[in-house]
Amino acid sequence: MTKYVFVTGGVVSSLGKGIAAASLAAILESRGLQVTLLKLDPYINVDPGTMSPFQHGEVFVTEDGAETDLDLGHYERFISARMRKVNNFTTGQIYESVLRKERRGDYLGKTVQVIPHITNEIQDFVARGAEAAWNGATDVAIVEIGGTVGDIESLPFLEAARQMSLRMGRNNAAFVHLTLVPYIASAGELKTKPTQHSVQKLREIGIYPNVLLCRADRRIPDDERAKISMFSNVPLDAVISVWDVDSIYKIPAMLHKQGVDNIVCEALGLTPPPADLSMWDNLVDALEHPQDSVTIGMVGKYVDLTESYKSLSEALVHAGIHTRSKVNIEYIDSEDIETRGTDQLKHLDAILVPGGFGKRGTEGKIAAIRYARENGVPYLGICLGMQLAVIEFARHVAGLGGANSTEFDPAAPHPVVALITEWMDREGRVERRDNSSDLGGTMRKGAQRCPIRPGTRAQSIYGDDVNERHRHRYEVNNVYVPRLEDAGMVISARTPTENLPEMMELPSHPWFVGVQFHPEFTSTPRDGHPLFSSYIRAALEHKAQRAKEA
């Protein structure tokens, strides 16, 4: 029988519940348990796919094509289990499901209410998500409840968790509450009152936390922990100090040293073997003792909110770990390049243009790509970054003046990137789309395996085929591929069914690669990722070459 750990948050949002949940999962996995994680989001959107990055941050795409919360990216980076659509659901999905049942008559004419119908549906979704992992043999499912205790939106989820723990009985559910202990500089002290009130609010609805994770910008002294313990009715050894660190990969060791996993295992009636966190210790050691460093320029339009590129930033960190180098990421606003030019790129060891949507800032990205191509700077283009690399090459090398994407200019004289109106989904069904189709359901999403052209850089990186995740509506237009290849571009991977370009490269350049997929979603600190490791090695070589020429 699967046991559950519910992770809640108090005082303020963005405290790092996802990191805390993933870190606990990593410790339990190191103790030999089969663990999965779920994220419950209280917003009414069906999924975050059409939400602004400024509102929600990154949209993480799972292997089965679900557009999910960025916390699922943390989950995959911390444990070995792969996340799926069932690992993340929202209030919108719950209500959508309940309303469908009501229309079908499943409730036999009863008045449909939040309790019991909505809360029962939440419990069914949670159980289904837990059973989907490990062929139904999940030992522990850690369930992160989004939002903050006291929010109206979170109440049905908290009530469902309370009911679930009651129904399952003793030693089958535990609660971990993450809260803020702010430091007031003018008073020179930490304040525990917000945490006390947060726990009181939780207890009012019938939830009594087994563990309190107290987040602060410094270690919380024992006397303050004792005060929190007394007023919150949580044992002192379960009041855990969680202070700011320079790497999220230090959190598992921090929690383990304070006995969090032992408290949770005791609450769940589990006696697994001791934890082995040597892998995490080695990762942290590699992070703290790099042998070299590189500076990567990430050119985008969401640079003021780096959460929009969370998986990508982490993938570069992973590549640094596996090349024993410190990767410094410099976020550059593409609109700034449009006004100030490319001189601000001269100090960079490599340039990267990530995925994105919309016309704003695209000419700045194209200027950065041209700078990388003409100056031999290693370049990696992801999704939109590949499409813009094709546009830049078409304009300035292949002689296709005015080349563009129909996303930005529907009347472009040379639409080298266009909306593909018909394609086959992962199940082999033919789907059609056009400019009037709903944004939430018209993208190519999820993992797809593609053969790689022999003798290419792509083959030296990936081998004979590549299996990566997608999230895009537009594709490189096959009509123009012969003209591009005649000018020196190589299409190094194509989809097996539609023959759509998946990877491009420039053999005449030291390292210039574009990919239509999102490799950042499959990078982990344990294994890194071959594409990003190759890219960072190229950046190190470029840096060394520039130093020789200086």
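Sequential numbering from 1, following the chain as shown.
Backbone N, Cα and C define each Cβ position, glycine as well.
If you check Swiss-Prot, you get these features:
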- Ser13, Lys191, Thr192, Lys193, Pro194, Thr195, Gln196, Lys227: UTP binding site (BINDING)
- Ser13, Asp151, Ile152, Glu153, Lys191, Thr192, Lys193, Pro194, Thr195, Gln196, Lys227: CTP binding site (BINDING)
- Ser14, Leu15, Gly16, Lys17, Gly18, Ile19, Asp71: ATP binding site (BINDING)
- Asp71, Glu144: Mg(2+) binding site (BINDING)
- 295-545: domain 'Glutamine amidotransferase type-1' (DOMAIN)
- Gly356, Leu384, Gly385, Met386, Gln387, Glu407, Arg473: L-glutamine binding site (BINDING)
- Cys383: active site, nucleophile (ACT_SITE)
- 430-459: region 'Disordered' (REGION)
- His518: active site (ACT_SITE)
- Glu520: active site (ACT_SITE)
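By a simple count of nearby Cβ atoms, those within 10 Å, the most crowded of the binding-site residues Lys193, Arg473 is Arg473. Distance between Cα atoms for Glu144 (Mg(2+) binding site) and Arg473 (L-glutamine binding site): 31 Å, as a whole number. Note: Gln196 (UTP binding site) has non-local neighbours Ile228, Phe231, Ser232, i.e. same-chain residues 6+ apart with C-beta under 8 A of its own C-beta. Within 10 Å of the Cα of Thr195 (UTP binding site), not one of the recorded positions from the list Leu15, Gly18, Gly385, Glu407, His518 places its own Cα. Cα of Gly16 (ATP binding site) to Cα of Arg473 (L-glutamine binding site): a span of 32 Å.
Among the binding-site residues listed here, namely Ser13, Thr192, Lys193, Ser13 has its C-alpha nearest to that of Met386 (L-glutamine binding site).
What surrounds the ATP site, by Cβ distance within 8 Å of the Cβ centroid and not counting Ser14, Leu15, Gly16, Lys17, Gly18, Ile19, Asp71, is the set Gly9, Ala20, Ala21, His74, Glu144, Leu178 from the same chain. If you take the C-beta of the residue listed as 'active site, nucleophile' and look for same-chain residues 6 or more apart in sequence within under 8 angstroms, you find Pro354, Gly355, Gly356, Arg471, His472, Val515, Gln516, Phe517, His518. Checked against Arg473 (L-glutamine binding site) by C-alpha proximity, the binding-site residues Ser14, Lys17, Gly18, Asp71 yield Asp71 as the nearest.
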